[in-house]
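All remarks here apply to the structure that follows.
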Amino acid sequence: MNDKLVFLGLLYFVQGIPYGLQSSLLPLYLRGAGHSLTRIGFTKILYFPWVLKVLWAPLVDRVGTKRRWLVATVCGLALTCLSSAALAPEAHIWGVAGTLLTMNTLASVQDIAVDGAAVGLLKGRGELGLGNTAQVVGYKAGSVFAGGGLLAVIDVAGWSWMFVLLTFVYSGMALFVWGTPVLDHETVRGQQADGTKRGGEAVRPWRIWRKLLAVPGTPWTVLYVLTYKLGEQGAVTMFPLFLLDHHMTARELGFWNGVIAMGFSICGSSLGGLLLAQFSIGALMRRVFVLRTVSMVFQSSLLTVLEPSPLLKGMAVLSMSVQHFLGGLITTLTFTTMMHCTQRAEESIQATHYSFLATLEVLGKLMFGALAGGLVDWFGFQVAFLFFLSLSAGTALHVWTATFTGALREHQLKDQPK
């Protein structure tokens, strides 16, 4: 089991690096350069390849092996970073945007392959919980490495050396994936499947979509992953920019929000995996979603204080830390729910089914994240955060209801493999 966790954790780590670059470094840079919150919000468009990945997920499912796809995409990320080492954001902002777009495209293809490998590798509720913890913690650790750790590299050596460092990171990961024994059984099965597919019928996309939607639990899961992060996403995106305008410097935010708060997020994700081994997912989700709503009430109250003070800074750091901790916990519970739903699908469409759910999860966050800045520009922080709070409360009610009358009923979760 340990080799599976290391394998998944490292792959999700390198997959989280583009997200950290874009979500932590880019907004602070653009805001410091005087750009509006609306324009900063629209940089979420660079995540668009994650929305489209469901279109090429069947290709990853049916052509080649997971090992080949992983090696190819990680090598592509290494080459992208190497070719971008000469860029400086002040003079080549469009070049930096193109680099992030390319990295997101390659990382989205990598995500399909590693998710498909995880679905096949993880067996039983215990492994599902720990495996999804490795997924979320690895991804967020990569985000912290990029959003916090690389900020120090930029301050000392500049953007060029940051991309050189990333080139070595991705190159080392490509060698690791090429030689790991974890995927040895998958390679043989993939080769056998290749022979079967070459002699079979052509893929009919509408049949695949019909199979995806027919998997038990899929309709509820689709609605849930589209909406569960809406209020939280708006708050997590905009609250650091409120602090940048009134209370903290970019360097302070890089540390407190990019490192400390994300560290709490990783702790929350880790705790989620441990709790799943002891308690039902329905009982956990009921309580955690209520706690998240309460934490957003506390965070929203801080928006009424505009005068800088050490007390306000401390309260703001506490608020961000709690919000990220609960967000990490919820993310682990969510991805475990998604993977459990996917394991009910036929093996030939499992990677596509999980990519479908993951795409909708990204789509919900992406669309609202792009609009959150505009809401703040139009209505102000306080009114926008009341809206974020209402969305969070609505999601808590949706989950609470599902644990008693819908897809998260306790007796359904008892049927999970153990």
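Indices start at 1 and increase along the chain as displayed.
Glycine residues also receive a Cβ, built from the backbone N, Cα and C atoms like all the rest.
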I'm validating the feature mapping. Which of 1-18, 289-306 is tagged transmembrane segment in TrEMBL?
289-306
Stated TrEMBL location of transmembrane segment, expressed as one of 96-119, 312-335:
312-335
Taking pairs 6 or more apart in sequence, does the count of Cβ pairs under 8 Å between the transmembrane segment (212-231) and the transmembrane segment (69-88) hit 3 or more?
no
Feature contact check the transmembrane segment (312-335) with the transmembrane segment (385-408), CB under 8 Å, 3 or more pairs:
no
Of 40-57, 159-179, 255-277, 312-335, 356-379, whichever stretch has the most CB pairs under 8 A to the transmembrane segment (69-88):
159-179
For the transmembrane segment (356-379) and the transmembrane segment (159-179), check the count of CB pairs under 8 Å (sequence separation 6 or more) and say whether it reaches 3 or more.
no
